[in-house]
Amino acid sequence: MFNILDILGTVAFAVSGTLAAIEKKLDFFGVLTIALVTSIGGGTLRDLLIGNTPVSWLQNLNSFYIIMGSSIFAIIFRARLSIFRTSLFLFDTIGIGLFTLVGLEKGVNINLHPLICISLGTVTACFGGVLRDILCNEIPVIFRKEIYATACIAGGFVFFGLRYLNLPEDIIYLATAASIITIRILAVLKKWSFPPIEMK
Amino acid sequence: MFNILDILGTVAFAVSGTLAAIEKKLDFFGVLTIALVTSIGGGTLRDLLIGNTPVSWLQNLNSFYIIMGSSIFAIIFRARLSIFRTSLFLFDTIGIGLFTLVGLEKGVNINLHPLICISLGTVTACFGGVLRDILCNEIPVIFRKEIYATACIAGGFVFFGLRYLNLPEDIIYLATAASIITIRILAVLKKWSFPPIEMK
Amino acid sequence: MFNILDILGTVAFAVSGTLAAIEKKLDFFGVLTIALVTSIGGGTLRDLLIGNTPVSWLQNLNSFYIIMGSSIFAIIFRARLSIFRTSLFLFDTIGIGLFTLVGLEKGVNINLHPLICISLGTVTACFGGVLRDILCNEIPVIFRKEIYATACIAGGFVFFGLRYLNLPEDIIYLATAASIITIRILAVLKKWSFPPIEMK
């Protein structure tokens, strides 16, 4: 089960990075670099923090090939993808849903406290997109108005809530990813946001 | 002794991050995120560099609770804190004084050379604030005009000077933190700075 | 052989960082900090990724002394260096040629796949300069128009191609560094670049 999540998340972020880099008119190598960094950034930071080194993309070439393939695919079909103005948003959203799960699972596997697992899942999900935005000179997505990291945090609570109820693993995974993706999409569609904290 | 320094430094940086984020009109989760990153950024980089993984905030929840508590406290009392225009500055200054010490001690514990310990202390103290400023889109504090990292470096020399004299540990710690805080405050009050290196 | 490459690369990047920081009118400590970060940034990220901790500059003071010495030398002779408007460019180019080799060798030593070694060499070579440019508030050099990371990648293929032919090590090293430096210089002189990927 687990590898599939990781692969799908990697594909989703590679496509989102590719689209963001094309928008910035980068050349072929620039686009591949941003696709790579977006896809492996979150997992690399997570691996460094938990001491899982050499980090996973150094240990086998699968994610490398998947990212190159997805990025080249997205470059070829970029015109078609851009028909949906929301493709970048959709791929990024699927990416955070899946990568939050990957991070949660890695934390659970080494017996970290649930709150720490949720932090780790959120870091795994959000850091690649933050790097993508910094390198593309955009305001990082977690600091824009709508709900973003909060969706990952909420998904983390769903995950541990359902685990507490002893539901089967497949259902927990599905429900967690679905809740993150749903919250994020609704937040953007309905313009949900928290008010800023004002200096009274 | 040591835990107390770490806790106080964590509180000081959490408050400084909270105040900086409120000034940028971030929402509740944005403010907590900046408080977290400011507080744990320096120690996380230090732990990664010396190979102390999983990094400390993954291993127990204390710093997590302390940061959340300090940040919520600072949010509630933000009006009162802002009476002192200098609160952000003061909390940041206390933070670098204490975290330089924490970094020096970690370096000494694994028998690093004094000059390397001083670098490690300076990194521990300054990196959280640098991340805070980058995320808040400010010029990082270490590159502003006044003396900043230099205060930490000077404190490191005080620390090893007094150790060489075999003074009691409490006095060494107190004198080191006091010298960093004093130099930093005087630098800002008296507008101390080094001249830029001119291209002749 | 190996230490010499590392030392020369360290000197080259220290000088490039010093010149970049002087241009930004930083003070003495700011210039030394940028020189340090530029020189050790790439190797530090590489060491973290492969789990080689404490990272190498914590383990002995040589690179520390070399960087300080090179930086102070560059400060003293800055007027003379600036006669060649291209000094910053030249030192940076020598730096990436040598550090790509260092990264390739480290990857080969721990039996990583050639494509991963090439990624590691490219990261080692480029990351210090990226940090230098971010800290100096410039567009990172890898995202400017001319070929940069691509030169390191090409050098990686030269390296493994010649290894496959079983040539003596000295010749492989020389040819690899020479090819990277030549490609980079020609790219700038002849204004070689890849076209951006257009949104059709």
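Cβ atoms are placed via backbone N, Cα and C, with glycine included.
Residues or ranges marked as domain 'Glycine transporter' in TrEMBL: C:4-77, C:90-162. Marked as transmembrane segment by TrEMBL: C:63-81, C:88-104, C:110-135, C:147-165, C:171-189.
Each residue in the domain 'Glycine transporter' (C:90-162) gets a DSSP state, and the totals come to 59 helix, 0 strand, 14 coil.
Sequence-remote contacts of a segment are chain residues at least 6 beyond its ends whose Cβ falls under 8 Å from one of its Cβ atoms, and for the transmembrane segment (C:171-189) they are 1, 5, 89, 93-94, 96-98, 100-101, 104, 125, 146-148, 150-152, 154-156, 158-159, 162-163. Using DSSP to sort the residues of the domain 'Glycine transporter' (C:4-77) gives these counts of helix, strand and coil: 62 helix, 1 strand, 11 coil. The average pLDDT computed over the domain 'Glycine transporter' (C:4-77) stands at 88.
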